[in-house]
């Protein structure tokens, strides 16, 4: 085949001749930027106005490295000039009108460092003088406050004692401050024990102060014998509480009763009931029935007067009931609420008194149903002459009635799921 009839190569494009290619000359580099981390330069083309300037990647201007270096040197010179102006403005001396840094040599850097150190030293000295003047002024104004603080105090102020006129404690007359103090009997008694205040001439305050120190409070325990039916932990807490209250009432003041309304809501016990309760503790140990009777009589006074002494029969009944009640309460307290189980009566299959199954001695009539439990197979069968249905093990009847068993299993239908 000739060359004219060859297939053209679609992948190749014929380039125009080199004679018609225009060459563009770079006149100057005007700017620099970064796009996606890659540097680009603003190129001014010779023979074209500034509107035709283009951004070219730095790789495309490799033959213009002299112009790129000239642009970088110009940028460095401008940055250096701006830094020199900023340093000149920060100086306080008026003589420094122009920038001092002209060369980047070692001698110029030493001079600038020495000058900056001298300026910093002058500034720190001026600030220290200003601080000293301020401190002197503060000391002059604080002299009066020191005199007030050093004034001797005649009485320890507190929030519970000082009234609305308590700001006069630090005045020149210490005697006037003591008259403006509100004296509560409890605080006064505490201060009198510690000798913090002088005894006052008011009769009302002296009467309300405590004359005798309060007695120590303790719970009264019942003496027990070896044959006592119950321990001290089974004693009702109401009786111990009511016996300890007379001791508490003897230690309280009239001022304590007037301080809060919550103290009035507490149960009070009369002198007669307290004497009776103390007599009970001094006598012989009581049984649980007598203790219950005494607590009930103390709760209702008129009901106790109408009732007589407890009989022996009643005490015995109370004791018998209390043992069962205590045992139930203790069992309920031991296990938490979530773990408590309901108690059901024991269920047992009734014992067979009559013959059952093969023991009937009758012939097999029909096999009705079968069920398997674990590895055992049971058959529901009826006997001839008996209407009841019995469940027997297959091993008991497979030797005597094999044909009927086979006939039953053949009659079953096998259901295949769809």
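Yeah, the Cβs are placed from backbone N, Cα and C, and that goes for glycine too.
The domain 'Chromo' annotation in Swiss-Prot covers 24-74. If you look up Swiss-Prot, you'll see 84-99, 107-120, 258-275 marked as compositional bias 'Low complexity'. Annotated region 'Disordered' per Swiss-Prot: 84-167, 199-337, in sequence order. Taken from Swiss-Prot, the feature compositional bias 'Basic residues' applies to 131-143. Positions annotated as compositional bias 'Polar residues' by Swiss-Prot: 152-167. Residues or ranges marked as compositional bias 'Basic and acidic residues' in Swiss-Prot: 218-228, 276-285. Annotation comment: Swiss-Prot describes 353-418 as region 'Required for interaction with del/deadlock', evidence class experimental evidence.
Taken together, the residues of the region 'Required for interaction with del/deadlock' (353-418) have an average pLDDT of 87. DSSP states for the domain 'Chromo' (24-74), grouped as helix (H, G, I), strand (E, B) and coil, give 20 helix, 22 strand, 9 coil. Here the region 'Required for interaction with del/deadlock' (353-418) has, by DSSP, the following mix of helix, strand and coil residues: 18 helix, 23 strand, 25 coil.
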